[in-house]
Ligand code: HDE
């Protein structure tokens, strides 16, 4: 792979430890790193043992504070290319030339959990992208939902205190299903819209490769003529948007806490690039007041049907980190990192964010020089009079470190015309200094209702179940009722169903304030591809090799993958006495890690019937709406499902197997993914 500019820059910091003798940090050779220096073989350790002290001291200080939010994350390198010259909209150089390759680093994250918490919890996901442009670093620090919980940054500490583990006992970990979060929600109606998203399947993404990203806040694009447009940023995954079901997410959290991290890592490691298109919604300044929401209110989205998303470029992630700490942990994103041509709006959340990130990074990364850490340093030369501070990495030469100066001929000089530089958009501002919320921010229910109206049946069922689960974990009954009353302003059916589950009283005057819907908000019609699909093939001695071969070659041809699962690792014998290597067992894997299960015919079917592992594979696959494939003698295993479940969609079961047509049916069901029409109760 040809290296991009940032990769070459990072090469200067990479150190290989493949060979050579051990040394101290001073470069002095060490011939024993196993025994400390003692006064006699059984005597006390000596203070003069600098080799011992250095090793232990370094170890004692190996941890840095984790991020106050978004502590749990995974990152990857890649690049971005714009589709066409956008200089009519923005003077940003990296958006002007389709041939230009801009290196990027992306960090995906959960929000509430600690650094070691599981990936598949119900939470918002962070989606932060750093573009290493030739005009400096530009960051889109976004989430996988297009709206936020609050309207003003000053409330952020309250929101986060409420969702983090409760302060008296530090429970629960990485979960919003507890009293303080919902107490905050019922006291803060502006949270309603993001809460609807949080209860939806979007909050349990199947993969970082299959979630959307949103810059959320409103920004400006500014061109060379000084004209601006308001803009919102979107990332659209080429593989479509896909989520887990809740039971699956909970099981995976225990069985593989690194589920999303592993998926990202393994796909990049296996040469499957991860691709997202960058989209923009562009709004003319004269249209600022045309809508029934305020475009500066980040609890509102701009419906794509009103303001279409234009796809402007593609990001490809194709390289894993060499060292998690040096890269993924030390990277520092900041919404204030903008380049000429991209500017801020007066969105009060954005304005607060512009302060917070750099501030937190000064303590997280140990002082004001964290921009010099290799993963953070920009590609253009940093040229200013800032000096000193903790961990300064550069040796800044010269006598002068101030401006203006004559001793250094006025250098470095203020950028002149023709030299890339940032100029703030010269907005005219006029108003009284006031600590108040704009009246245009007051409608907290129309867009949550629009979100609800846009959902398919299975998404609605997911949302109702999520509310019931989350509130069910809150001890305070008053909170249940207040939440149900809030939902009465979103939709009567939603309020009624959640009330039923909680034993609360449905609100008397529940109404849905709008008939509007935005089809783009539903995941129902998203792209579906067999390429993301993985099948568990359950085998015992005596399986039908012809059927096995037909399925596995069709899966490989379609770009899907499979694991052979059996009672023990090693070879499993087919009916024709050939063998197939089994790489997973019922102890090492489970149905939650696959999109489908397939069992070929053959004499093994009888023995599989009695195995607990096979039983739980089939039941979980059924309950998670996934495809079940049984052919030949294995169709008898249908008896492991309850009566009435056998005719449900997504069950491809043929006793007299016509191999070619069977394989086609199975692949079609697999590509569909989940069969939500299935009745699972
Ligand atoms: Fe953040 N946020 N945030 N946030 N945020 C941080 O910065 C903050 C908000 C987002 O992978 C912190 O370096 C405030 C919205 C992501 O490293 C901190 C407010 C959105 C990440 C911070 C918000 C985000 C962060 C913690 C309210 C979506 C992880 C560690 C005004 C548009 C970036 C750090 C990474 C991280 C502050 C709201 C996204 C404390 C004050 C809205 C993806 O500075």
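Keep in mind that glycine also has a Cβ here, set from the backbone N, Cα and C atoms.
The domain 'Catalase core' annotation in TrEMBL covers 23-411.
Among the features that TrEMBL reports, heme binding site is placed at 67, 107, 156, 353, 357, 364. In the shown protein chains, 21 other C-beta atoms lie within 10 A of the C-beta of residue 353 (heme binding site).
Positions annotated as active site by TrEMBL: 70 (among others). Following the DSSP three-state reduction, the secondary structure of residue 70 (active site) is coil.
Residues annotated as active site in TrEMBL: 143 (among others). Residues near residue 143 (active site) in space but far in sequence (CB under 8 A, at least 6 apart, same chain), listed by position: 124, 125, 126, 127, 213, 214, 216.
Same-chain residues lying 6 or more positions outside the region 'Disordered' (503-527) and placing a CB less than 8 Å from one of its CB atoms are 201-202, 238-243, 301, 303-305, 309, 445-446, 449-456, 458-459, 477, 480-481, 484-485, 487-492, 495-496. Taken from TrEMBL, the feature region 'Disordered' applies to 503-527.
Here TrEMBL flags 504-520 as compositional bias 'Low complexity'.
Secondary structure from DSSP puts residue 156 (heme binding site) in a helix. Cα spacing between residue 364 (heme binding site) and residue 70 (active site): 13 Å, rounded to the nearest whole number. The secondary structure of residue 107 (heme binding site), as reduced to three states from DSSP, is extended strand.
It is 14 Å from the Cα atom of residue 353 (heme binding site) to that of residue 70 (active site). Among the residues the record lists as binding heme, namely 67, 107, 156, 353, 357, 364, the two farthest apart have Cα atoms separated by 21 Å. Taking only the Cα positions, the spacing between residue 357 (heme binding site) and residue 70 (active site) is 12 angstrom. For the recorded positions given as 67, 70, 107, 364, the lowest number of other CB atoms within 10 Å of the residue's CB is seen at 364.
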